[in-house]
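**Student:** Before we start, here is the structure in question, set down as structure tokens.
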Amino acid sequence: MSGIASVPAIILTISMIGFTGLAREAGLDWMQTTFMVFSIWALPAKIIIVGSIAAGLSLPAVALAVCLSSMRLMPMIVSLMPELRTPQTSKWKLIVLSHFIAITCWVFAMENLRYAPREKRLVFFAGFALTLNFLNLVVVASAFHLLGQFPPLVTASLAFLTPVYFLMSLFGSAREHAGKYGLFIGMALLPIAHWIAPDLDILVAGIAGGILAFAAGKMAEKRDSAA
């Protein structure tokens, strides 16, 4: 349970308070807001839904935006499942726990699972993910009732903590050159992609940055092996 008091978990919880303020401003009640915490674990997807509701977008447009934002979770699931699985692990357990794989749980798991015996890793991850989810359910429900509406600047600042922190976390946990290059190349390409295709800027910057980072990483590996 020490992971619940870790910096990633604390920042996620603070960011959830910012999400609560956004949800209130969009006209959601506390039950809808709390249900979103359980049913949609990734914070960016929740913020997209709340922003889309406030903008009056149609349901198909909201669903498409959430699907596109959640595509980034698939590589996390693919990379984490082999770390949790044993020959005796039931598939339904992996399917259920895959719902809780978002950036907070993924970074924590990738940094800490290596220190746990393989047969205990599933329980270790489940304990962390379920406890973190329940904690944020309580925090969001309490914040909705107790804190009232936040000033827009405060709400935005709280929600912005998560991407800033995890940008640094992903850089620190990257095991290959390509992972680190991808962060910088993607950030550099985003303004250009926004100028070229404002509606697809993140997707374009991500695909182009990933390809360039992969190529740069391979070149760096060859250089290191030759040295």
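Here the Cβ of each residue, glycine as well, is placed from N, Cα and C on the backbone.
Just so you know, TrEMBL annotations are computer predictions that nobody has curated.
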**Student:** Can you say which of 64-82, 178-196 is given as transmembrane segment in TrEMBL?
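**Tutor:** Comparing 64-82, 178-196 with TrEMBL, transmembrane segment matches 178-196.
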**Student:** Between the transmembrane segment (122-147) and the transmembrane segment (6-26), are there three or more CB pairs that fall under 8 A, provided the residues in each pair are separated by 6 or more in sequence?
**Tutor:** yes
**Student:** Same chain only, please: residues at least 6 beyond the ends of the transmembrane segment (122-147) with a C-beta under 8 Å from a C-beta of the stretch. Say none if there are none.
**Tutor:** 1, 3-4, 9, 12-13, 16-17, 19-21, 23-24, 30, 33-34, 37-38, 41, 84-86, 89, 93-94, 97, 100-101, 104-105, 108-109, 112-113, 116
